[in-house]
Amino acid sequence: MRDVTAAITAGGRSSRFGSDKAAARLEGRPLLEHVAASLETCPRRLLVAPPGRYALPGWVNVPDTRPGEGPLAALEAALEAAQAERGPGWVAFAGVDMPRLTPAYWTVLGQARTPTSRAVLALDAGGRPQPLAALYHTDLLEQVVRLLDAGERRLRDAAPPALTVTVPHPLIQAVSPHALRNVNTPADLAALGEQ
Ligand SMILES: Nc1nc2c(ncn2[C@@H]2O[C@H](COP(=O)(O)OP(=O)(O)OP(=O)(O)O)[C@@H](O)[C@H]2O)c(=O)[nH]1
Ligand SMILES: [Mg+2]
């Protein structure tokens, strides 16, 4: 993933988890570190979170442009920072609560890109596109800004269907079977630890 900027979004409230889930431990390591490990080969790595909340060596803190407005606003901050630093290009956008993401997962998404696509999303077992843990091109920035200005907050609207490639679930399953597991509650974390 040398041509992709990594961005982890970690500015959520963890209200269902009950404490900061980025710092919750799985196999002795914070969830944030598990996610970061999946993207370590990206030359530029951004952490979209309140300034000073986390220290993650090798990752640059990018503050939210619209703090507390959710992951679509965090994607805006990530695309903006990526474009300002490296010009037009792809961003691997990940939630802090997906500790089973792997380098192989991101490679499969990267290989699914086409010359005209501007978003790549994995399909889950039920065939639903997963907007967290997806690739977005900085060309989408203008439209993300427009959506936010219009009051939209759903991350799934960031990927226009005509510009989006989806990756079939069996392909994901083959390389990274638990990649899409998402920790929202302490029970989710416990279940992951039992696998
Ligand atoms: N930077 C940033 N990240 C966010 C924001 N809201 C949510 N996120 C992140 O988006 C990802 C998925 O969000 P949720 O699962 O809803 O996390 P959450 O908001 O912390 O948890 P709940 O309060 O239980 O909904 C997590 O990585 C969150 O940290 C935000 O306003 N800014
Ligand atoms: Mg939330």
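Glycine residues also receive a Cβ, built from the backbone N, Cα and C atoms like all the rest.
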* Asked: Of the candidates D64, D139, D149, which does TrEMBL annotate as part of the GTP site that also includes T9, A10, G11, K21, D97?
  -> D64
* Asked: Where's the emptiest Cβ shell within 10 Å among the binding-site residues T9, G11, D64?
  -> D64
* To do: Measure from the Cβ of K21 (GTP binding site) and count the other Cβ atoms within 10 Å, all protein chains considered.
  => 26
* Structure fact -> With neighbours defined as other CB atoms within 10 A, the best-packed of the binding-site residues A10, D97 is A10
* Asked: On the Cα atoms of T9, A10, G11, K21, D64, D97, which are listed as binding GTP, what is the maximum pairwise distance in Å?
  -> 18
